[in-house]
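Engineer: Structure provided below as structure tokens; questions to follow.
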Amino acid sequence: MNDLKLDKVSKVLKEVRKSVPLVHCITNYVTINDCANILLSYGASPAMCEAYDEVFDFVKISSALYINIGTFTREQESSAILAAVSAKTHNIPVVLDPVACAAIPKKIQFIDKLFKVGRVDVIKGNIGEIKFLAGETSNVKGVDSLEDGEGALECSRILSEKYNCVVAATGKKDFIVQGKNSAIIENGTEMLTNITGAGCMLGALCAAACGAFEDKFMAVVGAILSINIASEEAYKEAKAPGSFRVKLIDCIYELSEEKLKKEGKIAWN
């Protein structure tokens, strides 16, 4: 059974490269270029469109919408709400990355509004952010989580049931939950924490996967497994942050279904 699931997860990569999903990103200025480049390497087509007068119509032609609230401006907030309304109207999957929501209360107000007027299919955050959204005390420092993973699965399940969506909590181990289904991924490298934007790039990949693959739970598992295995490959040749960041994008480009099936370390429940 586990081999069959891993086989399905590996097919996410195949579907992304076959369909070349158009991923509409409203994201932060720190990592916008990295998100665009890793989407291209994954096989998707990025569009970093955030103008208020354009987003409603642009979502119509997109395969998925990625909303990252890392450096949110007032215009971005207005554009993201309108884009989410369009996504709800036109049945476009939405991935939300609640960056620094545990540190800035106003971000919670935006998230609440997003669920009320728009749609969210996936919440992808670090463990600290996910625990905070689930109503638990979390240990964070700005945009970074200081959590060790304790309680992450339970909090992800609470949040998934509350919002009826896929929840991914990332850390040393990555926890993905949808209802009663869960997966824990143990691939990856600590070097991901030494570059800015690893989580943002992952969120973009999750959106691409959701835009290409009908099973959103498996799509998110596939996206996370992809960046984790790519990071392991990158670290074999790049031991410092600058070269690792570049090599990570290269390794996403070079990734194969066979590599995912061979190297994947996933515990299913």
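Yeah, the Cβs are placed from backbone N, Cα and C, and that goes for glycine too.
Among the features that Swiss-Prot reports, substrate binding site is placed at Met48, Gly197. The ATP binding site annotation in Swiss-Prot covers Lys124, Thr170.
If you look at the structure here, what lies around each of the features I listed?
Structural biologist: Applying an 8 A CB threshold to same-chain residues 6+ apart, the list for Gly197 (substrate binding site) reads Val30, Thr31, Asp34, Cys35.
In the three-state DSSP reading, Thr170 (ATP binding site) counts as strand. In sequence order, Lys124, Gly125, Asn126, Ile127, Gly199, Leu202, Ile224 make up the list of same-chain residues 6 or more apart from Thr170 (ATP binding site) whose Cβ falls under 8 Å from its Cβ.
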Engineer: Using the structure shown, find which entry in Met48, Lys124 (the binding-site residues) has the sparsest Cβ neighbourhood within 10 Å.
Structural biologist: Met48
